[in-house]
Each structure stands twice: as structure tokens, then as C-alpha cells.
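Take a look at the structure set out below.
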């Protein structure tokens, strides 16, 4: 991107900025252009110092040419959204300030000028009713560049929304920085982020109420077919005691408290806080705490077969006329167990400590990359390769907790997408089973390895790869991740912390692609069509070279036996 390390004056109609800052930074970027248009600024990825406060470390965006202009918004470590800000004119300024903590901050931000209300900015919409469908612009054709589409879904009252993406293909990158879909649990993009996805997937989401917001954001690099989605409504339970829900995801914890239930306990929504008092709720029809797992004073505990995140909501009396015990609180606990998604809530009697427990799962994906730099993912499917070509695979954990480690326990190849027999082991119990497998050291929230396209491909047209992945606390030196390869004899004494699997594929041989292209050209010729000239020349040249080689070999053999066969080499040449 060529942007100076700390601040810049930007005049291009659109630009992507990859920014890296250390401690005690105070950097200003100014965007201005005489275009009579509006600027849309998107912070698609940001990593500030963990547990930093807004007062000491943040991103501030101003609606004008300087930091004296009106404040549009502020982004902090506990911001639970993909920040998107729009100017009211053709200038905008943002300031990034960091505190004294030694930590490398990373940001990916891009902006573009656009005309509000124009045809090119017309997408998204309002969806009402118990169920419905919607899709990205131009679906199934590639979606257009520089689009920001927002769908507001409202189901009948006393229901929640189940959203399912039946087909989903967006540009893939490590942090979903370029093209992405974001889903929010409420009427706006400030309602709490349920998840952000890109690449190829079939994600599903569930709201805590009858309102959900879905966003599609695209840049100008690569476009794919986008998505097709459907939603349905599910009735909420009747007004019983548990008018409180806890949702645990790979990125965040979300606690929804009913105002009526709080009132029945004699407490007001105005007197609520988490372990970190600066983390306050969003108050709508309910009281909502939504925050990244590793923030707001959340306590993490490695319990062998699971990782538990715990936070507490402190309650204060709503009025002086009501007597309650002084240290009443609600404890919320997210337990990440293998392949479990069920949220369970437990309540004790009123006037005692309320305990909520939820079970969630980490969000893990896998992709192939062009090289061991792991910077350019393979965007197409099937992935056509040469036999013995080195393939680079990366498993990514999508979580806001920086102290997690990804360990690749087992990787198996199969011609069946459901991984029926036959199968071929690349990695088993952390041990390399194929001679060509090389596992890279753990890096942030990624697990990486490389291997050569195996002979398995010779016998089957397609091969899929499935990896069992273990997630551990990186500070636990006795975790499954820290033990590495485990032999058969020691396998049962090494419990994992959290385990899931992820699939990528299919992989196919390039020779099969060439054969398919040749068959297609023959079919076109039989139908009276003109074959592709490049293919025609290739096969003609191959035929001539083959005949020439045969003649040369025959000539050499006859020359060697010319006395016995009675032939003249010159006669062979002339013929």
C-alpha cells in the first residue's frame, strides 16, 4: 500500500491501508478530494492492545479535514462490530492513539468515495415476516465492487431468527479484511456481532430476539458469486423465569437480560457492570452485554477437556426502599467443548447469586495457499495440481482470544466427501504419517503444514482433506498442543482441550483437466463447431513430435543393424 508508517494525506478515489503501530503512537490520516461525494471508511480488521481502555488507546474518526471536525465515532479494544463510518462531505480524518503497552497493533482499513442514493449504492433492504430469502447483488454472477449492503430482518414478536446461507462464496483472506459478510444480533450494526465470514462456507446464525441485521461489504480486488440465504423464525419460550440468555461464540460472549426479570429482582438496568466497570450494556427492549471473549475482565481457565471463560455482572439496588444482599451478581460462563453448540442457563432462587452457563464452539476454517508465505489463498475450487506438487495448507482459528494455540492432530485424505473408505493418513495423533509432510511451528491462531500431492490422486478423480484440530491455552505447558506427536502407547494419557474438524477440497490432477478440455474440443468438432485453435495447435504439434521421434528411433536401430538387415541408412533418410 506504500502508506507512511504514521499518518498520511490521502487524495486517491479509493485506497486500502495496512497499518502497523507500536506503543505511544499518535498518528493522523486525512482523506480529502474535490469530488462532491461521500467517503465510506471501513476498519475491516483491527487489533489494539488487549484490555486497553478507550481513554488511552483508540481510533477516532472525524467528519471533516482535521481532528477539530465533529467526532463521527470511536473504535476501542472492546468494540464488538466491524466499524463502518461515512462522512457528510468529501473530507474525513482519523486518529489512532496507542498507550505505553509493548504490543504490535495491526489495522486493515480501506475507503472509497461514493454517491449516496445512487444506483450503484442501492442494495440490501427490509425483510419482514416469519421467513424469507435474499441474496447478494447479481447472484449467482459475481457481485459488484465497492458495495455496502444492509438487510434488516424483522420476524414476528416473541420469536427468534435462524439464518442459513445455502450458498456462500466470497473472497477469502486471513481475517476477512477484503470482502465479508457480518451478522448482528439486533436492529443495527451496534447490536452485537454474531460473526464475520468470508471464503467458501455454509454458515448459520441465530438471534436472541426477532430482529437481525446482515451486512455485505466488498472491495475492488476479486469478485465471486456471493451468497444465497434464507431465514426462518422460531417461537421463543413463554414468559417463564429464565428471561435471560447467554450466547457463546468463537469470538464473543453475549448476555441478554430481560428488564422485567431484573425488575422482579428489584434492580435497574442503569446499575449494571462487568468485571471491568468500563464495559457497559446496550439497552434496548432488553439489557445486552456483548463483548470479545478476552476482554472486559473475562477470566479464562483451562480445564483439560474444555476452556472456560467467566465474567460477572454486578447488580445494584433499583431503589432505596428495597433491601437486597450487598454483593448480588450474575455469573456468566462459556465452556468451549468439542463440537457442542448448546447454550444452557441455570438459575438459583431470587436474592441469591445467579449463575448462567453456556457451551459454545470455536470457529475454525482451512484453506490451501500458493506458497509457504501463506499470503495468497487458493480462491478456486476444484484445486488442480500436478502429481508431487507441494501443497500448503493452513487451519485458522477465528477468535478474539490472543492466547490460544492451534494444533493439527490428524489429517486424512479420502475420495469421498463424507470420508468413507478408502482413506489415507497424512498426520495421525500429531505424528507425520506421510514422508512428505512438514509441519510449521505454531503461529498466532494458525496451524500450518505442507505435503506433496500423493499417489492417491492417480486412482481417484477427486480427493478431499479433513483435519482434526485441537485448540489449547497457549500458556498451558502441559496441554495436548504442547505434547506434539503422541505414539500409540501414550495416546490415552493425553487429553485434548477442545477438538473439531474442518474439510477442504476437492483436489484434482491437472492432467484430468487437460483430458477434459481435449474431450470438450473433440465434442465441439463432432458438433460442427471449430475447436479452440490453441488446443488444436497443441495436439497437432504433439502428434508431429511423436512421429518424428519414432522415425529417429527406427533409423538408429536400422543403422545399428544395417549389415544384417541389408538396408542402406541413406535410403531410410530419403524415405
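Note that the numbers count up from 1, one per residue, in the order the chain is shown.
Glycine is no exception: its Cβ is also placed from the backbone N, Cα and C atoms.
According to TrEMBL, the feature domain 'CUB' maps to 6-114 (among others). As a summary of secondary structure, the domain 'CUB' (6-114) carries 0 helix, 58 strand, 51 coil according to DSSP.
Residues annotated as domain 'CUB' in TrEMBL: 123-234 (among others). With helix defined as DSSP H, G or I and strand as E or B, the domain 'CUB' (123-234) counts 0 helix, 58 strand, 54 coil.
Feature annotation from TrEMBL assigns domain 'ZP' to 247-488.
Marked as transmembrane segment by TrEMBL: 538-558.
Confidence over the domain 'ZP' (247-488), given as mean pLDDT on the 0 to 100 scale, stands at 76.
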